[in-house]
Amino acid sequence: MTTTYSARTPQSPTRPELPTNRDGLIDSDETSPLLPTNSAKYSHSETWRSSVSTFFDENAGLSLVAASQFFFSGMHICVKWLNSLDEPVPMLELIWVRMAITSICSVAYMFWRKIPDPLLGPKGVRGLLVLRGFTGFIGLAGMYASLVHLSLSDATMLTFVAPILTGFSGAMFLKETISFRESFSGFCSFFGVILIARPQFLFGSPKGDLSDSVTHGQRMQSVAFGLIGVLGATAAYTSLRAIGRRAHTLHSLVFFSSSCVLGSTIGYASGLDTLTP
């Protein structure tokens, strides 16, 4: 007696039958505990993308601050390099050129995107916008002036005082809460920056220092300019927080850049362009 076999071998009674195609092969597109689906191949990639997207959604503000600090560092390096040339570029001239370009581009973009009140800003916050522009100019001018006779690490270290003062300013003028933990963390960060940067006006000049041409008076003057810049930055950040979402971001940028152009023009015309090494 001849035994014949079908194209499909019977499955074990305790094991479910797997789906097959016309050729008797197991269909890999079906769900099986032994054969994962095609979507499982991308599960790790999709999970990673989702985690990154969630992180940036929840920390958008901090991410933008970190990015801005990166570009600010590059700007400070350029300013320090321009100050170290044989014929250094005056501080007010640097501010004028940079902010004139910023102002033109910002206004042009606002007209292109048809943002309301591109020049004067929304009613109700124009006073705060003027305050933001004026104090921002003081902050920027103070930072640039401190770079004349201070090293880049010293001048950058001084700017880390601004976040601490901004927290206290927000609590004082805007009635925002600031916890003891936040205050303590800010002070710890500040002292950590001091230990890392090792500013010469606190730790003294290291051996082999090449900045002997800078006198103690010039160094203290630059430190004073840096602290004035910190106060200006603190007031600018506080005014930005007070404005909130009542004005477009570019409104603030236009007032800031225009104030810098106006202030540097007045200062340059008054003969205050002598802040060069």
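One is the number of the first residue shown, and numbering goes on along the chain from there.
Glycine too: its Cβ is placed from the backbone N, Cα and C atoms.
If you look up TrEMBL, you'll see 1-14 marked as compositional bias 'Polar residues'.
What TrEMBL records for 61-197 is domain 'EamA'.
Taken from TrEMBL, the feature region 'Disordered' applies to 1-40.
Among the features that TrEMBL reports, transmembrane segment is placed at 60-82 (among others).
Among the features that TrEMBL reports, transmembrane segment is placed at 94-112 (among others).
Distant neighbours of the transmembrane segment (124-145): 76, 79, 91-92, 94-95, 155, 159, 162, 222, 225-236, 239-240, 242-243, 246-247, 251-252, 255-260, 263-264, 275; these residues of the same chain sit at least 6 beyond its ends, with a Cβ under 8 Å from one of its Cβ atoms. What TrEMBL records for 124-145 (among others) is transmembrane segment.
Taken from TrEMBL, the feature transmembrane segment covers 157-174 (among others).
The annotation transmembrane segment is assigned in TrEMBL to 186-203 (among others).
Positions annotated as transmembrane segment by TrEMBL: 223-240 (among others).
According to TrEMBL, the feature transmembrane segment maps to 252-271 (among others).
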Averaged pLDDT, computed only over the residues in the domain 'EamA' (61-197): 87
